[in-house]
Amino acid sequence: MAAKFTTALDIHCSIPYTSDTKSSRLAIKRFTILCNNSTSKSPKNVNLDIDSPRKQTPSLSEQLKPLTNTILDDPPNQPRILSKPKSTWVNPTRPKPSVLSLERQKRPSYTYIPQIRDLKNFARRLSECHFSNDAFLAVLEDIPHPPTRDNALLVLNSLRPWQKSILFFNWIKTQNLFPLETIFYNVVMKSLRFGRQFELIEDLAFEMIDSGVELDNITYSTIITCAKRCNLFDKAVEWFERMYKTGLIPDEVTYSAILDVYAQLGKVEEVMSLYERGRSSGWTPDPVAFAVLAKVFGAAGDYDGIRFVLQEMKSLEVQPNLVVYNTLLEAMGKAGKPGLARSLFEEMVDSGLSPDAKTLTALIKIYGKARWARDALDLWERMKSNGWPMDFILYNTLLSMCADLGLEEEAETLFDDMRKSDHCRLDSWSYTAMLNIYGSVGNAEKAMALFEEMSKVGIPVNVMGCTCLVQCFGRAKRIDDLVKVFEVSVQRGVKPDDRLCGCLLSVVSYCKGDDADKVLACLQQANPRLVTFVKMLEDESTSYEIVKEEFRSILTNTSDDARRPFCNCLIDICRNRNRAERAHELLYLGTVYGLYPALVLAVCQEDKQTTVLLLMSNDPQKHPRSWEIIQLLLCYPRSQHKRSKLQQHYT
């Protein structure tokens with residue numbers, strides 16, 4: 001017989017009612033129902049009239065789901081540079097292995113040598129003798145004391161030219177007086193590192209391996225840093241990995257060097273992985289390591305990464321030095337954050353550090369790129385009042401900024417300051433910046449006076465300066481001066497480039513008669529093929545196919561930034577010579593060859609007349625030159641033969 005048991009059930013019954021305050025509430029009543037469970041009998045006529053039946057209790061994850069949607073951010077659309085390294089399993093019974101040694105390897109102390117003065121004088125004679133092997137051996141015969149281990153090490157460490165160091169080291173090996181230890185190889189390698197002789201250093205390293213001489217931390221550090229100086233970054237990584245395979249833990253100097261190597265290679269993930277592994281081992285990064293991180297994030301233009309570097313330095317209480325501030329400023333410039341760069345500069349000044357010329361140059365470039373003329377000029381006044389160092393690179397950067405912003409008076413004042421300065425000397429870059437300013441404002445008189453001054457002081461004009469002068473004299477319609485400047489510049493060794501040829505072609509487009517012939521004669525010296533093509537456009541007998549092939553060939557041999565200006569000038573030349581048909585053909589070809597990405601060609605046919613229409617696909621304000629061409633060439637009719645080809649092409 002089945003056993004009977006009684007179970008008490010808690011049932012929540014919700015009964016709505018209206019209170020005196022006329023607000024609806026839910027009154028919750030609790031019942032206790034006794035139920036006898038049996039296999040033979042079942043309760044009958046049990047009817048529970050409950051308005052809202054009890055629901056199943058949600059799980060913990062379901063209860064927390066609304067909370068996660070509220071406080072957690074959505075995943076970013078773009079991948080972040082900062083990433084955690086792959087997790088590795090750690091045995092809890094053993095301490096976690098360190099990836100670097102937190103102390104720089106101690107160098108062995110030198111033994112006091114009574115004859116140190118004689119040996120140093122002898123080393124000076126070796127350094128000053130001729131580089132030939134016979135002359136070197138002749139001086140070695142007069143060695144004042146026997147070449148014992150300590151004497152040889154002292155002489156080797158006192159030699160300056162790397163050629164003499166390797167000669168003396170090879171001579172020691174031939175004498176076979178004592179076994180060569182690791183310190184001898186390290187001293188020679190450091191001398192070779194100054195000479196950037198990585199191949200010789202690598203040969204010595206392999207010689208140590210073959211001879212059984214131990215490679216210590218200093219050896220690997222010297223090899224890696226020399227490879228970095230020689231821009232052999234793959235070699236630096238190769239020797240760093242070899243170091244780990246031998247079981248040798250790098251010290252802080254080697255670790256910072258390999259961080260810089262990975263940064264130069266653009267391996268951001270490896271840089272962050274090494275950094276975090278070092279931090280987990282108890283490493284406190286030095287300012288050099290933070291400068292490397294700032295360089296990495298600056299090259300990528302990642303402002304979040306730059307902010308991470310600043311927060312890390314603040315949390316570790318590492319005071320940035322001038323090198324770190326300079327690197328951070330350059331990074332801010334690449335990230336396009338002029339306001340933050342200004343704040344960082346003020347923070348550096350408030351901390352007691354005085355900016356150097358590199359700091360000020362970086363800040364001026366940032367202001368010039370952002371077109372913050374007022375801040376740049378205020379900084380210039382602070383430089384003069386505080387006596388901050390100003391080299392010729394900084395002066396020229398200021399002049400270039402004034403040229404970009406069209407600040408003629410400020411540039412002239414700065415140029416006069418450079419004349420009076422004892423530390424800065426006017427060079428070709430300085431004069432070119434002033435020529436650029438006068439050319440942009442069309443001041444032909446001052447431009448010509450400056451050009452004559454350059455001839456007197458013996459500063460050669462470069463191709464950029466010649467281009468500015470041609471542009472200035474062309475706008476002023478002083479064609480004779482233009483021809484004079486061009487011929488003098490070519491005689492002084494200026495090789496015309498595509499930009500100068502485009503400037504000459506632009507002058508031809510709005511000149512007529514003898515003036516146009518004079519400019520074409522100059523262009524004949526710079527680019528004869530371009531002059532031939534101009535004459536081809538004026539010839540009515542030249543077919544469209546010939547123009548097409550020749551134009552394509554010219555564009556192929558022209559730099560990318562000069563192709564569209566060439567096409568614009570050629571179109572203007574055709575318009576000014578009443579060759580509208582040629583202008584339309586060039587515009588069509590330029591659009592087909594991708595010179596006008598903002599233009600879309602369409603063919604319309606009305607009253608048996610086919611017309612090529614040009615439509616703007618983007619904002620015309622972003623392409624002012626393209627919009628001008630549209631206004632000039634819109635609805636020019638074409639011949640019946642050309643129309644049929646266009647219709648067939650766009651149907």
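Cβ atoms here come from the backbone N, Cα and C positions, even for glycine.
Automated prediction, rather than curation, is the source of TrEMBL annotations.
The shown structure was predicted, so the numbers you read here are calculated from the model rather than taken from an experiment.
TrEMBL lists 373-553 with the feature domain 'PROP1-like PPR'.
Summarising the annotation, TrEMBL assigns repeat 'PPR' to 216-250 (among others). Distant neighbours of the repeat 'PPR' (216-250): 98-101, 105, 107, 182, 185-186, 189-190, 192-193, 196-198, 201-202, 205, 208, 257-258, 260-262, 264-265; these residues of the same chain sit at least 6 beyond its ends, with a Cβ under 8 Å from one of its Cβ atoms.
If you look up TrEMBL, you'll see 251-285 (among others) marked as repeat 'PPR'.
Looking just at the repeat 'PPR' (286-320), the mean pLDDT is 83. Positions annotated as repeat 'PPR' by TrEMBL: 286-320 (among others).
Look at TrEMBL and you will find 321-355 (among others) tagged as repeat 'PPR'.
TrEMBL lists 356-390 (among others) with the feature repeat 'PPR'. Among residues of the same chain six or more beyond the repeat 'PPR' (356-390), those with a C-beta under 8 A of the stretch's C-beta atoms are 322, 325-326, 329-330, 332-333, 336, 338, 341-342, 345, 348, 397-398, 400-401, 404-405, 407, 410, 414, 421, 423-424.
Long-range neighbours of the repeat 'PPR' (391-425) within the same chain, counting only residues 6 or more positions beyond its ends whose Cβ lies under 8 Å from a Cβ of the stretch, are 357, 360-361, 364-365, 367-368, 371, 373, 376-377, 380, 433-434, 436-438, 440-441, 443. Under the heading repeat 'PPR', TrEMBL lists 391-425 (among others).
If one looks beyond the repeat 'PPR' (427-461) by at least 6 residues along the same chain, the residues whose Cβ comes under 8 Å of a Cβ in the stretch are 392, 395-396, 399-400, 402-403, 406-408, 411-412, 415, 418, 468-469, 471-473, 475-476, 478, 481, 485, 488-489, 492-494. Per TrEMBL, repeat 'PPR' is recorded for 427-461 (among others).
Within the same chain, residues 428, 431-432, 435-436, 438-440, 442-444, 447-448, 451, 454-455, 503-504, 506-507, 511, 515, 518-519, 521-522, 525-527 sit at least 6 positions outside the repeat 'PPR' (462-496) and bring their C-beta atoms closer than 8 Å to a C-beta of that stretch. Sequence annotations record features per position, and here TrEMBL assigns repeat 'PPR' to 462-496 (among others).
Through the fold, the repeat 'PPR' (286-320) approaches residues 80-82, 252, 255-256, 259-260, 263, 266, 268, 271, 275, 327-328, 330-337, 340, 348, 351 of its own chain, all at least 6 residues removed from its boundaries and within a Cβ separation under 8 Å. Each residue in the repeat 'PPR' (356-390) gets a DSSP state, and the totals come to 28 helix, 0 strand, 7 coil.
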